[in-house]
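K.L.:
Have a look at this one before I ask anything.
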Amino acid sequence: MAKPCLFSFSLCLLLLSSLCLAERPERYKECQLDRLNALEPDNRVESEGGVTETWNSNRPELRCAGVAFEKHTIQPQGLHLPSYTNYPQLIFIVEGEGALGISVPGCTETYEEAQQSQSSQDPRRRSSRSQSQEQEQQDSHQKIQYFREGDIIAIPPGIPYWTYNYGEQRLVAINLLDTTSLLNQLDPSPRRFYIAGNPEEEHPETQEQQGQQREQQQGAGGRRRGKHQQEQEEEGKNNVLSGFDPQFLTQAFNVDEEIINRLQNPDERLKQIVRVKRGLSIISPKSQEEEEEEEEEPRQRGQPERREERREEEKEEEEEEDEPRSRERYERQSRRRPGRQQGRQGEEQEEESESEQEGRGQQREWERTTRHRRAQGEEGEEEEEETSTRVRRQQGRGRGQEQGQEQGQEQEQEEEQQEGRRGRHGGRGRRSGQQREEEEEEQQQQQGRRKRQESRNGLEETICTARLLENIAKPSRADLYNPNAGRISSVNSLTLPILRWFQLSADYVNLYRNGIYAPHWNINANSVIFVTRGRGRVQVVNCQGNSVFNDDLRRGQLLVVPQNFVVAHQAGDEGFEFIAFKTNDLAATSPVKQVFRGIPAEVLANAFGLRLNQVSQLKYSGNQGPLVSPQSESEDHTLPKVA
């Protein structure tokens with residue numbers, strides 16, 4: 001009986017292991033890349049106010065990194081409609097400037113319109129208006145943040161946000177979508193939930209996967225759902241409100257049916273990005289100050305030109321009349337000034353001499369008084385000491401015998417007290433040691449409670465007040481700098497704490513002409529490079545020592561560099577700027593040059609078969625940092641291209 005049970009149990013284990021191993025090879029093969037490719041956008045959606053471009057998330061490189069990408073180009077006065085995703089996002093502003101608004105549930109609306117004064121209005125109209133109508137006129141919303149070129153923006157999952165281009169130039173932003181984040185409870189397919197508008201599908205590969213799943217569904221319920229969804233797609237309903245029952249929404253939102261009809265059936269032209277014809281007026285300190293300045297300018301410009309001309313003519317006439325008078329006054333004053341100045345100088349000298357004499361007399365009197373007081377004090381002290389010694393001698397003669405007896409008793413009492421104190425001190429020492437241990441344990445427990453409380457803070461201390469922006473393109477922000485090669489600046493959970501929740505970070509690299517970013521690898525993260533400006537040569541080598549990428553990268557292209565793959569960059573004649581997104585909030589790199597410097601010379605000599613002088617040259621020649629400048633611009637120091 002035991003053998004059949006063991007046999008059946010082993011079969012079950014084999015089946016389970018085969019099922020598990022059937023899924024694992026697919027995940028492992030995603031990063032077994034023999035060749036990397038420079039990726040360009042695969043899908044393009046044109047809207048009234050801009051363009052949205054996406055990369056196919058089924059690309060092997062992107063599946064290895066577990067991310068997806070979007071690129072939004074918003075024209076002036078363009079509004080990217082409110083939307084949210086089920087995974088965190090990192091947005092880098094490549095060009096332009098704009099406004100960002102997020103709507104976090106549970107956070108207060110801190111921006112409010114000022115109450116309009118109703119003193120000038122008719123009291124009959126005021127009485128006819130209800131309080132609800134007055135509240136509708138006064139808008140309030142959550143904080144609006146302004147961004148510009150070089151900013152990194154962190155968007156939490158499930159939080160709706162919108163962007164608006166208030167500048168005169170186009171706004172270009174690249175979005176990293178961390179689809180494999182632990183915060184994503186759905187599958188890693190990229191998807192975006194639009195609250196408004198009639199947006200087109202940004203990731204067709206996701207729609208294709210959903211279509212295949214519908215075909216595999218069985219039963220009448222699945223067929224009915226598929227038909228219902230097909231009807232909705234034919235009607236063009238793609239926002240999250242279009243699928244609800246209109247009557248249910250009217251009751252839930254407590255609004256008219258006309259409003260619900262507008263929400264569920266938007267205009268076909270309202271896609272991802274719409275154009276605001278008259279501009280967007282929102283509550284913000286910046287816009288309010290600009291409006292006040294604009295209101296003051298027309299008032300000043302509205303003054304009649306004739307009045308200004310008359311005032312200028314009157315000023316010129318007054319100046320002409322005042323010129324001869326001012327000259328006569330100046331001549332008279334110049335004639336009188338020498339005598340007055342001499343008289344004033346004489347008076348000042350007399351006053352100074354008198355004040356000096358008075359001061360000297362006061363000093364002499366003060367010295368005399370102090371000497372007299374000191375002499376009196378010394379004599380009094382000597383007399384007091386003599387009297388006190390006489391009294392002590394007389395008292396000591398009469399009390400000598402009594403003190404001898406009392407001293408003996410006091411000595412015995414002191415010995416007994418000392419013995420008791422020793423015993424008490426020993427007990428206290430033991431007790432104090434125990435108390436210290438207990439206090440240390442309590443302190444450790446309190447620290448643990450504080451850490452738990454910090455990690456469990458409410459919305460008011462995390463999302464509502466979290467900092468979402470950080471500019472990493474400023475030259476003063478550089479973490480590594482070589483004036484002949486370029487600069488590198490990083491943003492991570494230490495500089496932007498919200499990234500600790502996202503488990504993401506980024507590096508901004510700006511290489512000057514022919515500047516070199518020496519070979520290095522990412523220790524604990526995958527890296528995705530997006531070129532923002534210029535052109536450069538990039539080489540990537542895998543664990544087998546094979547070159548998986550050796551080509552030029554230009555503006556607008558993506559390149560995935562897997563973890564621990566060695567990579568090197570060199571800029572062209574136009575320079576080379578790129579943003580490198582990392583899948584770790586504290587991503588670290590390891591330059592090969594620093595590794596050589598950390599290894600003893602004997603080890604390197606035996607490992608590479610070098611002489612000691614060659615090893616010292618390998619370790620200590622050139623720059624210490626990863627940014628290297630070529631020796632001369634006349635020679636060609638570009639990275640060689642391997643066929």
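From the backbone N, Cα and C atoms, a Cβ is placed for every residue, glycine too.
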K.L.:
Would you mind checking which of Cys5, Cys12, Cys20, Cys64 shares a disulfide with Cys31 in Swiss-Prot?
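P.N.:
Checking Swiss-Prot: disulfide partner of Cys31 resolves to Cys64.
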K.L.:
So, three-state DSSP: helix, strand or coil for Cys64 (disulfide bond)?
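P.N.:
Note: Cys64 (disulfide bond) is helical by DSSP.
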K.L.:
Calculate the per-residue pLDDT averaged over the domain 'Cupin type-1 2' (470-616) and state the result as an integer.
P.N.:
96
